[in-house]
């Protein structure tokens, strides 16, 4: 296994700083316990009663569902640890847990659903919009592109292979539109958009600002639909997040260019602007830039951080559905922060060099990671080959910086 060998490499065993209580997103209440409602049930109930008995040698934490353990494990330095024993279980839960509720997520340009499980866990479902071998039409603007379910799955695994670990876990899932969406939804607006197509398939389209119409309906075969299931982050009422506008945000205008596209010395003014004027925020942004270039994502207008940790923490790499849309061309403008600032973390650079070598080739380790997903194959082969080509271009860009 190339993937196992990669994670054993010394570059993937650099210790994170010691995590103190103030570095944790949550403090555990030792009295809060969870148990199944009854034998044979998959519904969980919580209890704060001190007299609740626990099996010998078990703590309250041991009774928590996997999604809650994931939330509790988030700290200032990482969303989840490198050798996280919870990860396989959490991915399996996302793919198999019974769906008890399904409602449309408000906001955003395209349809997304929030699915709830019997153990109170929730996932963000993005449905299949195009097949693996379709490319985004060359005349499409980046802001009118489809969001792809397989891009969300591949982005999670790529982010982990790069050792960023800033994307919440994502699994593919085959959903029954009738039993797992229509029959369990309480969303009256969503219900009104279900219909049976001329081919006899169950379809729906929801409400959103793009692609929510009968012309862009999501149809099953006859009611089976592929999608990505992403573990939701803690509710914002419990763990506030701050949204930051990216300095290299595109203009989102059909003819206007952004300032960074016109000013080659743009990075100098970014370096003088908080929070980029100190710490590792700019380097973290360049990490995100490299991730986006590798998967061809031009739609990174904002990013988020957990407010509790201030400016000294990692960036969350959310909403990656517009990645992996094209494999035949590389969008070099995505690399502007790296090219203009000529800065990169040494650890990131060394890992990129490692992933360009035969024993750990990026396309091979990502192919292996994606093979375990329920919807495998997740990416068409040309997309995997494009990763190796783009990785070479990132290394060339760093080489030009070193030469300068």
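Quick reminder: no glycine exception, Cβ is built from N, Cα and C everywhere.
Taken from TrEMBL, the feature active site covers 299.
Cβ neighbours of residue 319 (ATP binding site) (same chain, under 8 Å, six or more residues apart in sequence): 147, 299. Among the features that TrEMBL reports, ATP binding site is placed at 110, 126, 147, 230, 231, 232, 233, 304, 319.
Within 10 Å of the C-beta of residue 147 (ATP binding site) we count 25 further C-beta atoms, all protein chains included. TrEMBL lists 147, 319 with the feature Mn(2+) binding site.
The annotation domain 'FAM20 C-terminal' is assigned in TrEMBL to 194-403.
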Residue 299 (active site): tally of other CB atoms within 10 A of its CB: 19
Stretch-averaged pLDDT - the domain 'FAM20 C-terminal' (194-403): 95
Which of 231, 233, the listed binding-site residues, has fewest other Cβ atoms within 10 Å: 233
